[in-house]
Structures are given as C-alpha cells and as structure tokens.
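**Q** Could you have a look at this structure, given as structure tokens, before my questions?
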C-alpha cells in the first residue's frame, strides 16, 4: 500500500546524450530500459542537477571551475542544442489502493522536456521557473514503474563574444531563464546554460482530495497583543463523486527539548463537487501575544508548525500539508530624511546591512546542507538581508527555510537585468523575454511557492531595469498590497488577506527605483573596486539613502588558490608603477579568467597590499590580501552604520559569495572557506558596536537594537610595536539610545618622541556593573601619510601564547571551545600610561579586568603553550581545521563554523572561541585544529 505523502526521487537516476540513444521514450519505458555498463552510453546522473553536473561527476569533462578547464569544454553555441539535450531515466515503486491518486511532480526543469512513464508521453511546457504536476494514477504498474525525461536546453542559448561581457550576446534574455549562464564580469560562461532537471522530483500519493498551495497570512492589532492567522487553500477533488470533507488545521509551537504545544486545532466541513476545485478560506484563528518572528539581530526567529489535513468521508485522511510559519509584519516606505527605503519589522525600523546573492553553485548542485551552511554564514556575519539578484534564480524553498531559521530577510527579484533586457552593450531585448505570458505564469507560480516564508521581505521586478510595461503592470496588480497592509485596518468589508496572490509585502519595479539608489532608475549603485577605508565614512562617498550594490575585492587564502588552480595559477600579480606613482596590478591569465579584482585603482587608490610591503610569494600575497579584506569590509559597514538614519537606511554588498571559484566580491570562497572580510563584516555589523570613525577619528557607539544601553563605558588602549601601552582611557557613557549612533570623543594619538608610525588600537564597550564586554574592536593603524611596512619586521616577534581546548563529539560533528591567551606581560607598570602621559599603577587593574585572564582550571583540557620571549600584540591569528589522513595537497576540512577568526590579542588578553564542523565520512584519526598568524607563519596544532 502506498502511504499518503510525498516520496522524493533523488537517487538512482542515469543519463545519456540524446543523440547517442537509439530508442525513443516509449521504448525506454517499456521494452528497452537502459542500464549503466562498460558498453553503455548511460552514466550515473545528478538529479536534481544539470547536464554539466552529470558530466563532471562522471569525469566525462574536466572540472569547469578548475584553472582554465572551462575553456576545454564545448560551448552550446558551438555544438548546437542537441549536444546538451539529454535523457534522464529512473524507476520507482508505488502500489496504490483504490481511490488513491498519484502525481509526478517536477519543481523545476530547464528548459523544456518530454516525460515518459511506462510508455505514456507528456510534453512539459517551457520555462525554468515553473512547477509541473502530472497525474500518473492510471498508468502506474503495481510493482516497478519506468520514468524517462528528455530535457532540452533554453531556446536561445546565445553565443559568447570574444570579449565576454554581461550576459554574453544577451540572447538568453529571450527565454524565461537564469541570465548569468552566458557569463558576467564575475563568472565564466556555463557551457550547457544549466540544462537539466535542476530541482526536486517527487511522487505524491493522496486520497480523492488534495491540498494545493495554501496561503498563510498574519494580521495584528493592539500593539501586537492580538493576532489572527488567515488561511486559504485550494482543494481539488479527483474523484467522480462529491467529496464530503473535514478540513483541519493544527498549529503547534515547539517549547523546550522537542516538546510541542498545540496552540490551535480547528475543523471545518466542506463539500467539493466531483472533479471540481474550490478555494476554501478558514475562519481566522485568534492568537493572544504570539511569539513573533524577528530578523537576525533583532530577536528570536520563532516559528510555528502549521499542519493542514483533509479527511474525506468514507475514505479517511486524503492529504496533508505542513509549513513552518513566523508571525511577523513587514512594512516599507521611502524615508523622508534620507530618501532611502526604510523597512520596519513588527513596527520597529531595521537598519539593513546585507549583501547580494547569485546562487549557491553555478552547476546547480544544490543541497539542504549547502544551503544551511550558506545561510548560517550570512547570519554569522550579522547580516540581516540577502538580495537574490535578478540574473540568477528564484531561490528554492530550502534556501528560504534556512533564511527563516537564521533570520535573513530576502529581497527576491524576477528574471530581468538591465544588461540583458534593454540597457546593456549591445542593446538587446528591450521588450524582455519573447513570451510575456510565460514570464507571468512563472512569476505567479514562484509567488505561490515562496509566499509563506517570513523571511521573504519584498518582490522586485528586475536588476537595474524594470520589466516591460505589460509585465510590470501585471505584477503591480497581482502583487498589490491588501488594504490592511496599507491602512493597518481590517474591516468586515475587506476580503480575507489570504485570498490574495500575496498582498503582504511590497513589489518594487526595479533595484534602482523607489527608495533604492537614486530612486529613478539611473545607474547610481556601486562602485565595485578597492577603496580607501576612510572614504566609506565621508559624506561625499555615496549620495543616496540605500545602496543596493557596492562591492570590492575578494581574494581567498592561498590554500584555495592551490586547490582550484594548477601551479601556473600560483603566480602573483606583477606590480607596474606608473609615472603618476600609482601601481597597476597585472594578474596571470588564470586569475584574470577567474575575474580577479586588483587591490589598486590607478589614478584613484594606491595599492593596498603594497601598504604592507611587496609580497614575496603566493602565501605572502594572500595573507596581506586578508589584512586588506578585513579592513575594507569592516570600514564599509562601519561607514554606513556611522550615518544610520541621518543619511542611510541600508546597504547591500556586491556580493557575498561566488557560485564558482571566482576571485572577486566574496566573504567566503566556493569551497566554503571564509576570508578575513567575513570577520571584518561580522565585527562591524554586530547589533551593538563600538567603532572608530576613520574619517573623523571619533569613537562611536552604534546601537541598532530597540533597547537603550545604560551604565556602559568604553575602554580604549593603544599598543605600539614594542609591546608598550602609551595610551589608555576609559570613556564613561550615560546611555546609548536605541536605534542611534552616539559620538563619544575624538581619539588622539598620544604624543611621543620618535613614534613608530604603525600602532594598534583596542576598543571595548562594556557594562560597568560586571565588566562584561558588549563589543570588542581591534584596529591596526598608521600615522597620516605612512603605511604598514613596519609590520614586516614585526613578524619576527616571538609572542608567547597559551591555548586551552575542550572538545566533544555529537555524532559526526565536533564542537570545540578554545581559549587563546597572549601570555606576554613585559613591565606594564612602566608601559601603561594615561592620556596625559603620566604613569598610573591603578590602571593595571582596569586594563586587565576585561582581558579575560583567569586562574588555570584545565583538567580534561588540552593545553598548548607557544614559548616566546617578546612582549607585544599577537597579531592576526587564524584557526583552520585539517584532515590528518588525506593525501591531497589541500588538507582542509570545510566548512567550519568559527565564532570568530582572524583575531589579535594584546598582552595579557585572552579570548574564547567556539568551533564546529562535521568530520569527513570514514575519517578514523582525529582532525587537527591548527593556529597560525602574523607572528606564527607555520601552523601549529592546538587539537588533534
């Protein structure tokens, strides 16, 4: 008997090029089913996935993301569409009972397909972003069922001009498909244009009545004390008799330790005519003070489980549907002060600090675990919004699920870009895709797929462009707000908000319109290159209230370069100095192919890597790049935060990650190793943050929370390269109001004879009552007109460290707590000096009261001590985790979640870290957690 529910078909698929298969779909699913063998053209397939993903898995082509291997792969423009037209085949079991119905579901195929089940053919219509549901009830066999799908590429795959460009020759824009596949200034062309069964395939078994696309909406009254859940669902009766149904809705909340509380249980009776479909709206369900869902940094991501079931008289349970749901209200409007779009969640303004997202992987090798890591990384960076760029995907429900879990608001665009749709070079497709009805069908289906996720914040028509007029007007009408979400009132005359297609979140016609960039559609986003850190704080840097795209560099660590390129790609750029004194970086061909952004901008910005001295090799270059990465992105977010609400309402960085092994605009690389920019961003975007304004040199406190900070103070200490502390001061603050930036005092470098031009500044915001540190921020700085070259000889300093590590295993997952202490002290009675230059032994107690130094209690812990005779800052330390068993050149275990990394410790200071990761399957030896840093060029083990 087939159980009511869904079975995902994600294994056992095989594939073959259509031109190499001599039989048709009827024969494949009746008399001549294929098999994999030495003489067979068939190979193990990646489903969900793409043709290219299948070929890579079977080593039929080289890895397109390694070195220049993509150049060796045939492009569809040269081969023709038939070359990437593939058969996909599998079998499945499904023994149904009388009055059970079975549907075959494809959540997305690119681009068109014919489906054969047991010899029966169905032609699937075109479109990359639409679902397909086939009733296969009457053609199933009692035991084994054969399924074959022939998938055709997009109709207009286009060609790639020799110079590349944004979206190639733009022909892909004639279809309703992802546009990045012809290549962009951040990615190489995808040779098959993502042809394949790229999203979930499933078999669903129901009784006579099935549930289709319920819509959940919450409304609030009396300052969120009273809330209502509105629910509408389509119900389809597949039978030839009238169905007398009980439709049930159950809402549960998880308490602690997996215990769930049923908040509501409601049943309503409906009669559905034979082979009919009705829309049923439940009586609104009342909640008193529900636990609200909040974005990252504002509160908890409370979710309720909504379960809808339908029971048919004389049959029993016919279908069920479940969705985690968050009670929240999102509003947005153009701010009268800044001109930027201002978002409010549950009535509270939220300062947007987030970034742009293309997709997880350019070959659409999408998985729940990859999505979990991607989205958790964004939450770990303290971001609160992800923009799904219009040249990429309508993201999948799994993506949104983890955004719900981790509190990332999502800006979802439809499939329009200025480059491809009327504003690019050459100008093409000014009227967008050829089939406007298809575009709207895909858009409406996407809305139904995603609309119940609390993380979904807004719909946007396109990237740097608006859709064609008829599409734009249709989307405005389809996605118009319900009157409640405009007036905050709900009268008896109003229709239930859940009957709308959406109606709960705004639709904006384009990414540079209506409160974004200049609001008028002019190209006023960007820039996308290296900047002087102090420029981000200046009034002249960016004119408008909300920048949807601003980007910069993104060099990964040396291990990633070695893992993704052959030795020819390990050559660092040449530094060519011009007559004007500016340096031009000339990268090797592989770096150029992987879209490397230089760390200099001749005529505008001097090379920021050379600020630390000329790099000697790849390791030196990448380490110095991480120093720049950290400063660059911390300054970007701190600069925007410094003018929160007075000039800006938000900023989105271009971009957060790369869907391939690119070398620009990323906080972590395609292998999932974080760059230093990840932690610079994490520091700058914390909800309460102490910072130094690099333009004015004022110390500031940024409080993005709704709570006032009181009884807090700031400790500022300067450390020189000799381990001395020539400056120490405590700034007492009466309060830091909610949602405000407070300027504390201007920082002045202490007067000294012959001061060294590089120094360190440590800022700590703490509670006076218990000395608990709220925010810690460490800067390395240089005097005006100078550089960081004195850090080069500082590498020779031998700073003693003590590392204490505790580890537990939870299944295959390791969870470590590591404490790192800089045990150098020197003669601090002489070294600690007040701002006025006088010595004060009493400052010692203040200085170390917040250093985290405590008595030894290391029983059961692993303790590692690095000996050293020098006093000073232990600079730019970095953890990494390695597999002791692997024989590969790249020994890293990825991904790893670190509570912090790329950190520095002043003398006597200690910090604690949490590290978690899953051990590789089959690994017998313990992994090694390694530590290295500016003063520790050779990695040493702290665990394993």
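All positions are counted from 1 along the displayed chain.
Glycine is no exception: its Cβ is also placed from the backbone N, Cα and C atoms.
Below, the features straight out of TrEMBL:
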DOMAIN    39-198  domain 'Beta-mannosidase-like galactose-binding'
DOMAIN    209-328  domain 'Glycoside hydrolase family 2 immunoglobulin-like beta-sandwich'
DOMAIN    341-472  domain 'Glycoside hydrolase family 2 catalytic'
DOMAIN    699-782  domain 'Mannosidase Ig/CBM-like'
DOMAIN    853-935  domain 'Exo-beta-D-glucosaminidase Ig-fold'
**Q** Which range wins on Cβ pairs under 8 Å with the domain 'Mannosidase Ig/CBM-like' (699-782): 39-198, 209-328, 341-472, 853-935?
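**A** That would be 853-935.
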**Q** Among the recorded stretches 209-328, 341-472, 853-935, which has the greatest number of Cβ pairs closer than 8 Å to the domain 'Beta-mannosidase-like galactose-binding' (39-198)?
**A** 341-472
**Q** Quick one: average pLDDT across the domain 'Mannosidase Ig/CBM-like' (699-782), no decimals.
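**A** Mean per-residue confidence for the domain 'Mannosidase Ig/CBM-like' (699-782): 93 out of 100.
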**Q** On the DSSP side of things, how many residues of the domain 'Exo-beta-D-glucosaminidase Ig-fold' (853-935) fall into helix, strand and coil, could you say?
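**A** Result for the domain 'Exo-beta-D-glucosaminidase Ig-fold' (853-935), in helix, strand, coil order: 0 helix, 36 strand, 47 coil.
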**Q** How does the domain 'Glycoside hydrolase family 2 immunoglobulin-like beta-sandwich' (209-328) divide up by DSSP, counting helix, then strand, then coil residues?
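**A** Here the numbers are 0 helix, 82 strand, 38 coil.
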**Q** Can you count helix, strand and coil residues in the domain 'Glycoside hydrolase family 2 catalytic' (341-472) using DSSP?
**A** 42 helix, 30 strand, 60 coil
**Q** Using DSSP, tally how many residues of the domain 'Mannosidase Ig/CBM-like' (699-782) sit in helix, strand and coil.
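**A** Taking the domain 'Mannosidase Ig/CBM-like' (699-782) as a whole: 0 helix, 53 strand, 31 coil.
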